[in-house]
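Asker: Quick one: the structure is below, questions incoming.
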Amino acid sequence: MDHRASILSSSFSIRSGALCDVSLPLPSPKKVNLCVKAMGVVKFKGTQMREKQLTELIEKKVLEAKQVCEGDGTSDECKVAWDEVEEVSQAKADLRRKMEKEDPLESYCQENPETEECRIYED
């Protein structure tokens, strides 16, 4: 018998607020199912992609800044290169803060008020 741990609900990140089933390995053939709630925000695919793009851009900008600053670390070009790194890093930090404070449905409804999910019915 296979007694390896398995985690379901892989469409959410570890920080998601979603519930998932967890099977833990036990010495006996019995399985124990637990319900685990991870604290944080749900990260949708678009948000994950945006965060990944920003991470890759930060890495690229750091490499560029190091190359520009090899000869003269006090040049204007070097300062501009590190300013670009800081700007992209700030954009990533802003995205994280926004996702922690904001309900994803609210931002979706601001952009798509006509959709069924965003309709408001009065009694």
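Glycine too: its Cβ is placed from the backbone N, Cα and C atoms.
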Asker: If you have TrEMBL open, could you say which of C35, C78 makes the disulfide with C69?
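Answerer: Record-based pairing for C69: C78.
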Asker: As a quick check of your reading of DSSP, tell me how many residues in the domain 'CP12' (54-123) are helical, how many are strand and how many are coil.
Answerer: 53 helix, 0 strand, 17 coil
Asker: Suppose you look only at the domain 'CP12' (54-123); what would the mean pLDDT be?
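Answerer: Average per-residue pLDDT within the domain 'CP12' (54-123): 88.
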Asker: Take the C-alpha atoms of C69 (disulfide bond) and C109 (disulfide bond) and report the distance between them in angstrom, rounded.
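Answerer: Cα of C69 (disulfide bond) to Cα of C109 (disulfide bond) measures 45 Å after rounding.
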Asker: Looking only at C-alpha atoms, tell me how far C118 (disulfide bond) is from C78 (disulfide bond), rounded to the nearest Å.
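Answerer: Checking the Cα atoms of C118 (disulfide bond) and C78 (disulfide bond) gives a distance of 48 Å.
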